[in-house]
Amino acid sequence: MKLQSILSCWAILVAQIWATTDGLTDLVAWDPYSLTVNGNRLFVYSGEFHYPRLPVPEMWLDVFQKMRAHGFNAVSLYFFWDYHSPINGTYDFETGAHNIQRLFDYAQEAGIYIIARAGPYCNAEFNGGGLALYLSDGSGGELRTSDATYHQAWTPWIERIGKIIADNSITNGGPVILNQIENELQETTHSASNTLVEYMEQIEEAFRAAGVDVPFTSNEKGQRSRSWSTDYEDVGGAVNVYGLDSYPGGLSCTNPSTGFSVLRNYYQWFQNTSYTQPEYLPEFEGGWFSAWGADSFYDQCTSELSPQFADVYYKNNIGQRVTLQNLYMLYGGTNWGHLAAPVVYTSYDYSAPLRETRQIRDKLSQTKLVGLFTRVSSGLLGVEMEGNGTSYTSTTSAYTWVLRNPNTTAGFYVVQQDTTSSQTDITFSLNVNTSAGAFTLPNINLQGRQSKVISTDYPLGHSTLLYVSTDIATYGTFGDTDVVVLYARSGQVVSFAFKNTTKLTFEEYGDSVNLTSSSGNRTITSYTYTQGSGTSVVKFSNGAIFYLVETETAFRFWAPPTTTDPYVTAEQQIFVLGPYLVRNVSISGSVVDLVGDNDNATTVEVFAGSPAKAVKWNGKEITVTKTDYGSLVGSIGGADSSSITIPSLTGWKVRDSLPEIQSSYDDSKWTVCNKTTTLSPVDPLSLPVLFASDYGYYTGIKIYRGRFDGTNVTGANLTAQGGLAFGWNVWLNGDLVASLPGDADETSSNAAIDFSNHTLKQTDNLLTVVIDYTGHDETSTGDGVENPRGLLGATLNGGSFTSWKIQGNAGGAAGAYELDPVRAPMNEGGLLAERQGWHLPGYKAKSSDGWTDGSPLDGLNKSGVAFYLTTFTLDLPKKYDVPLGIQFTSPSTVDPVRIQLFINGYQYGKYVPYLGPQTTFPIPPGIINNRDKNTIGLSLWAQTDAGAKLENIELISYGAYESGFDAGNGTGFDLNGAKLGYQPEWTEARAKYT
């Protein structure tokens, strides 16, 4: 005990010495153990969310509420420069889903803090890594350095976004507690004069000048360097709290036995790099992105989706003293329009815990159990590493992390398989030290890929657990009653003991677990049970109540806080068992008012303390009975699938969307390619410069028309670049002469075209080139955003081009923003259908304009682009959340085809079946109207003269949930995007973009 007292005094002294602020506010402070927010130590349990990938602000609250319900107290947010600044000098933080004030407000309403990450560079598999796309012409100087031209380019962005972050920081009553500087920028040279050091200092100064006064953070790109820590060769540019990104899974979607080997060197890494700071993982693997041509889609990647990953990896981080953890991603969302960098396709599901459809995966449920534990386990926020290895158990097949809090004597033993990829069951005993001496805990079982946090001297409200040999989900204090929730897998043996108590009597309720007690030769009584299926309850004579819950049953256990503060104590939560989701709770007198979602009718059990006598579910009181141990039990309904009707997609109209291949097409209003120089770091292969960005066209399909005279030209050499998996075609005087379907591994390709089998004219021969676009590169690829898109060069064999013209989205970025600031220029490309707005609600498909009856199931019998249009009406039940999507099916023999899907004007899918893997495309409420008319459009690009068609296209539902969700407008998920201003209609202004 003397040693423990000495350690306790030493820890307090060290904490006092090392407790640090940024000198601007003491509302957020830190020491080697944790962050302190508003005077409270906080285990930061955060998830990454990219609001542009869910462009319906009301749905942001849905995600935040689900995060809060699953134990999260923070969200990490990138703010993408290119998303808010489509053209130089324009910054939009107000229109539609660009209105980020709603983001801050919803986070605060949900009760979660914000970690702001505004770059200027973000990465994130986002178009150009988030850098403004108007820099893609080379006008931005030396990107991500202290270069003066680049500095001048990004400064207005930080001035504007910085002020918004400052206004919403905790110092101004907002939710922002941390602000990240840049993104994964490696400090390769520790020198004060290094351009990266100067660059970091420039950004930090800019944020401070904008009023941001919360601590700065960084994120190291894996263990590749040691960057920006005040504790490691600090020559300038260091941040307040160093962070390390890690994606250690090494998992395979096609071989689930691959990988699953945890890293065990985080603790030592942080001790060597940032020993005066808490251990922070700004990006820890919540999933992984899938690329074009992948062998499987996210929904099929069982290795990434497994709850076992969350169980083992997130507890492994706890074992290494991590107290700030952000899961990347928590919710991935959708790369609608042209948000994606070329490394990903439309879906950004990321195999994240919360599915792209906003549905709860088992992985999220397991993640919740970790989050609820860290929420109330204050003893974790002051632990020292006592030891680690295989010597703490009766078998070397088990590995243990041993943490001890010198202030409270609480201990945490994180046990896992020594070989974490093992799928073999092991049973062993664990040696633990407690305030009452050493104990050997027997019969601890790990079923393959499983981990447990075994706690000792764990304080409850009115008593202390001396030890417990399974996981604590959470505990609550209800007046004089402690309620503890333990979870284990069926068949696993659990033992626990109270500290300083005589032998207690107890009563069992529910499915019997045959709890037994044994004192042996000590005054300590050990209680042992074998976990059965479902839930059992034990009430002890000291008033303590234990819920003994099977792990899978615990997936539907909830601990909604009774406060909106992100900091939640054991006295500020109640317990609910049964529903699909409990969003929040309020208590008025004896009435417990629950708001949540449910799929199927179920029993609901509520423990809220002795004052509680009635329960409301989504505003309606339900009949409840009180159990002998004090909970209230009733029944709630679910969604009625028979009330949901999903219409077929019929009544299609079709029109040619590539008349530009015909010589007679009038391109007099097109942009002339006449530049002979470029700022691009990439040299053009011919003149004039044909890089699309040099002419103000950044996103989407590009169309070129090149003319030449003479019949002696024998061929052409063209090089195009559109990003990974792009494809392109070339027509000569209306005839297809080159088809390059695309390759998932190719960013650019060359076409050597032979004209020998084609008729040329004496004058005005026309070469039409259509080039797809999968995004601008991140800086990990060559020159990043400055890698040109479009034609890199074009030459003739035996002649010269007399002119080149280019067409992209309507009016380029500037014109497209003027036409549609809500969806913004990243939504569209250069097809005639897109330029003229055929995809928009309110557009009339008139036969006089060339529209005829025609289905995408009939398709094209030659190369070209057809645009298909129809409408459908939904009448889904009010107060239902019915995630919807579009599913494509292609013929067994797939001809090269590229399809863009438009829903109410939003490009919400790129379907390329011969590359894959995506075939289904979720559409959120507000983009699709659940109780109104919807417009759907398809551009079908047949890349060969064999033509192309679909086998089927249908509207599908992913599930149905009766819900009490409300974003403040009383409509729940009945979000009419048109009425909310998210679906601007077609206007005559589109007609001029021919």
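Glycine is no exception: its Cβ is also placed from the backbone N, Cα and C atoms.
Of the residues proposed, Y78, Y392, Y399, the one Swiss-Prot records at the same substrate site as N123, A124, E125, N183, Y247, Y350 is Y78. Here Swiss-Prot annotates a disulfide bond for C253; of C122, C301, the partner residue is C301. In this structure, Y78 (substrate binding site) is part of a beta strand by DSSP.
A sphere of 10 angstroms centred on the C-beta of N123 (substrate binding site) encloses 23 other C-beta atoms.
Taking Cα separation as the measure, E283 (active site, nucleophile) is nearest to Y247 of the recorded positions Y78, Y247, C301, N407. Under the three-state DSSP scheme, E283 (active site, nucleophile) falls in the strand class. Note on proximity: among Y78, N123, E184, Y350, the recorded positions of the record, the Cα nearest C301 (disulfide bond) is that of Y350. If you take the C-beta of N717 (N-linked glycosylation site) and look for same-chain residues 6 or more apart in sequence within under 8 angstroms, you find N750, A751, A752, I753, G793, A794, T795, N797. On a Cα basis, E184 (active site, proton donor) lies 53 Å away from N757 (N-linked glycosylation site). According to DSSP, N272 (N-linked glycosylation site) is assigned to a helical segment.
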